[in-house]
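A.B. asks: TrEMBL lists 26-51 with the feature region 'Disordered'. The repeat 'WD' annotation in TrEMBL covers 61-103, 104-145, 146-187, 188-229, 275-308, 316-357, 358-395.
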Amino acid sequence: MSISGEVPGEGSDGEEVFINEEDIINEIPIDEEDLPDRDDEDDNGDGGMVELEEDDSTYVFRAHTDEIYSIACSPTDASLVASGGKDDRGFLWKIGSAEGVLELAGHTDTVCTVAFSSDGIFLASGSFDGRINVWNTATQTLQGTFEGSGSGFEWLKWHPRGHLIIAGSEDCNLWMWNANHNAILNTFSGHSSTVTCGDFTPDGKLICTGSDDASLRIWDPRTAQSKHVVRGHGYHTDGLTCLSITWDSQTIVSGSKDNSVCIVTINSGQVVGSLDGHTGSIECVGISPSYNWVATGAMDQKLIIWDLARRSIRCTCNHDEGVASLAWLGLSRFVASGCIDGMVRIWDSLSGECVRMFAGHRDVVQSLAVSADGNSVVSVSTDGSARVFDVSMFK
């Protein structure tokens, strides 16, 4: 037996070195079962081998073929979930079951927003194709299709008690439809750039919208007229990215690309304060249903829990990378965050402690939703998967 090859440091002249049988001191037998199994490893793309990542999810939905941007859980059926993504597709599916999946067909561009009506009867999907489709969740049939000006829709929301839909568009307008009658009710004009965020007030009486034009508008849904326009001195200096409304319908908390969080009183339209602490673009904001607390997530790798009444920081939850999404876990004191690093983290808002980390995603966690029974948090990612994590211990 001989093995030839160049010896580092001695092979400049190309001299070959031979190992003969008499040079072998000892042979060590190797059991093939002790060798690494290639099936248990993953190629990292440069010829090296890396171990598969940990996965804490209890169920994975993989029907999408590209990045997923939107997720929603039915308010009445704890197993029913909707998702939408860059593959121009939306799906209605059930946690733990591969059966009965409904594709929300009909879109020709990214499905960036999905939402259930408050009674769970209808599901709406909105797309950059300028179309919103409404489905009956029981019969799994198309209820109707709404079209605006042809410009893409950024988001949609249902009325807290009725079957009215509002949606913000790239055409600078807010649109409102009646899903029962498939009829456009109003177009709200006033913003000078894309309407990036918005919602009905919880009492259903007013609509609040934020725009890339750095303004907030409070609308009368019956007349489609602005009651208040909030902009300029004391408010955001760049486009709004998110907003949330307190459960008493009195206060709006909005976040912006300029790293600021502002507090606005709905009745007066006045900026009454700011929550200063972030140094990166605000990506998400959520108000606790049980406490007078607000959670904000930003690209500065922080989730901050605020006391809204005192306008002060309760605790700062530090992340390894930027925070892209958040969701309060029902009526509990716990809040979930979705991160650029693909992790879903559960935080105790009393102590600021990270009480659980869920691994599984390989890319940005774009959106989070909580099941109706509070037992599951569902996350979607640019890795093309939707994952379900058990959070029943945090109810």
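Using N, Cα and C of the backbone, Cβ positions are placed for all residues, glycine too.
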A.B. asks: Where else in the chain does the repeat 'WD' (275-308) make close Cβ contacts, counting only residues six or more beyond its ends and a cut-off under 8 Å?
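C.D. replies: Non-local partners: 241-247, 251, 253-263, 314-328, 330-333, 335, 337, 347, 349, 352.
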A.B. asks: Mean pLDDT for the repeat 'WD' (188-229), as a whole number?
C.D. replies: 98
